Amino acid sequence: MRSDMIKKGFDKAPHRSLLKATGLKDEDFHKPFVAICNSFIEIIPGHKHLNEFGRLVKEAVRAAGMVPFEFNTIGVDDGIAMGHIGMRYSLPSREIIADSVETVVNAHWFDGMICIPNCDKITPGMMMAAMRINIPTVFVSGGPMAAGKTSKGEVVDLSSVFEGVGAYQSGKISEEELKDIEDHGCPSCGSCSGMFTANSMNCLCEVLGLALPGNGSILATDSRREQLIQRAAESLKILMERDIKPRDIVTEEAIDDAFALDMAMGGSTNTVLHTLAIAQEAGLDYDMNRIDAVSRKVPHLCKVSPASNWHMEDIDRAGGMSAILKELSRKEGVLHFDRITVTGKTLRENIADAEIQDKEVIHSLENPHSQEGGLRILKGNLAKDGAVIKSGATEVKRFEGPCVIFNSQDEALAGIMLGKVKKGDVVVIRYEGPRGGPGMPEMLAPTSAIAGMGLGADVALLTDGRFSGASRGISVGHISPEAAAGGEIALLQQGDIVCIDVEERLLEVKVSDEELAKRRKEWKRPEPKVKTGWLGRYAQMVTSANTGAVLKMQNFD
């Protein structure tokens with residue numbers, strides 16, 4: 001066993017003595033040591049119940065004849081961090097989580113690991129760590145919350161609250177109506193109830209094969225979550241016996257299948273960023289061109305909030321991820337059926353008995369929302385290395401208009417609220433990428449303000465920053481190269497005509513190459529917004545969004 005490094009031999013007497021101080025007995029040194037990587041944090045609704053989850057996981061691990069050791073990671077609630085400097089810490093927290101999990105697990109030579117994530121950066125951070133460490137690992141997430149209902153019976157979620165701010169600002173609803181939405185938008189523990197980033201990543205974790213079927217859609221408050229916990233411990237034991245590790249599971253084909261699901265369900269654009277980072281940690285050469293190839297052959301089968309009024313509970317009722325995959329399996333050349341998963345079985349075996357229970361929620365291949373995926377990769381003279389749009393969250397497929405430029409999210413939100421943006425405009429928010437932000441903050445407040453003011457179909461938004469999974473409308477993010485790296489978005493001038501063509505996958509400014517070259521000679525890189533602390537270090541080391549915004553390593557050759 002890997003853990004023999006800290007428990008076998010006379011020279012490990014000091015190690016055993018310390019371990020006995022934690023409650024271990026002599027017989028425990030003959031059993032596998034399992035890291036329980038939890039993320040219990042009281043300020044995050046998606047994590048406030050994970051203390052109890054951790055207790056249940058430890059019980060299940062002990063019952064399976066193994067020795068559990070629980071530890072916690074940090075986390076950031078993106079919704080609470082929205083609209084202030086806290087959002088700059090969100091994406092960088094992913095790297096801290098990955099580093100901290102790697103540190104604890106490798107310092108103590110665990111034999112296996114069960115990860116308990118749930119919300120935005122915590123799930124991908126743990127997945128990145130699992131790729132690095134590469135010991136048998138099972139993920140069991142905290143689960144989504146249910147949608148809320150206002151006093152009038154209207155179904156609401158967190159995106160409703162954000163959009164309610166814009167609606168109140170423009171006089172469309174009263175203060176009392178906004179308070180009603182606020183009081184009911186997030187009714188319980190769990191990750192926010194739409195197809196936002198947290199739920200998107202937990203669904204992808206399931207399809208990659210790192211989590212059990214049901215992980216992405218079973219509600220946090222559903223008793224079936226406890227059954228998942230029990231099965232997770234049993235599955236880990238099988239993985240350890242068969243020496244099946246994360247890198248055996250997360251192959252290029254597995255990532256293809258994860259993106260196939262992502263396209264079919266119209267997941268968050270952040271899935272692109274995080275999955276590219278996970279691929280890098282797994283040592284895979286996976287890029288945005290391959291994502292685009294998947295998008296072109298996968299139909300969009302289900303729309304979930306913010307693209308519709310359906311929520312994760314509806315997806316679960318309709319059959320969950322397995323039902324979506326089973327429907328996709330009817331189309332030749334989309335899925336890779338014979339790859340292994342944490343169940344110890346293949347994807348084919350995992351979805352064999354699945355079927356769609358409600359075709360209003362999950363459409364059939366014969367009746368898709370569109371023939372191509374709900375996420376698309378755009379390129380052009382404004383995004384030579386790519387950009388991402390959640391095409392399933394807008395009916396507008398082509399938009400052209402003059403750009404209104406803001407050099408920060410705060411500046412943009414103020415401008416939108418002051419009426420500086422009108423119908424037909426293309427809002428550009430730049431210098432908010434991984435390096436320029438720093439931290440590539442989400443633009444949920446501006447997109448929600450635009451939608452809340454009734455301009456969602458009439459105003460486009462471009463940024464080198466990110467979008468929340470709760471964002472909708474004509475929103476193009478992850479523009480690479482970013483402005484702070486000298487990308488073409490930095491060369492835009494007020495009033496330039498920008499064209500977004502979703503069908504042709506184009507993002508262009510109607511300016512000649514000669515004019516752009518002239519502007520580049522005149523461009524000067526702005527001073528970094530942050531020069532000290534963790535964010536200062538992050539800004540110096542982070543790569544662009546098209547490579548997952550991972551930290552670049554120094555070349556020691």
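The backbone N, Cα and C atoms fix where each Cβ goes, and this holds for glycine too.
When Glu432, Glu442, Glu482 are compared with the Mg(2+) site residues Asp78, Asp120, Lys121 in Swiss-Prot, the one appearing in that site is Glu442. Neighbouring residues of the recorded Mg(2+) site, listed in sequence order and excluding Asp78, Asp120, Lys121, Glu442, comprise Val76, Ala81, Met87, Ser90, Leu91, Cys119, Thr197, Ala198, Asn270, Arg466, Ser468 (Cβ within 8 Å of the Cβ centroid). There are 31 other CB atoms within 10 A of the CB of Ser468 (active site, proton acceptor), with all protein chains counted. Cα of Lys121 (Mg(2+) binding site) to Cα of Ser468 (active site, proton acceptor): a distance of 12 Å. Cα of Glu442 (Mg(2+) binding site) to Cα of Cys119 ([2Fe-2S] cluster binding site): a span of 15 Å.
Every protein chain shown contributes to the tally, and the Cβ of Glu442 (Mg(2+) binding site) ends up with 32 other Cβ atoms within 10 Å. Neighbours of Asp120 (Mg(2+) binding site), defined as other CB atoms within 10 A of its CB across all chains, total 34. Recorded residues Asp120 (Mg(2+) binding site) and Ser468 (active site, proton acceptor) have their alpha carbons 9 Å apart, per Cα-Cα distance. Secondary structure from DSSP puts Asp78 (Mg(2+) binding site) in a helix.
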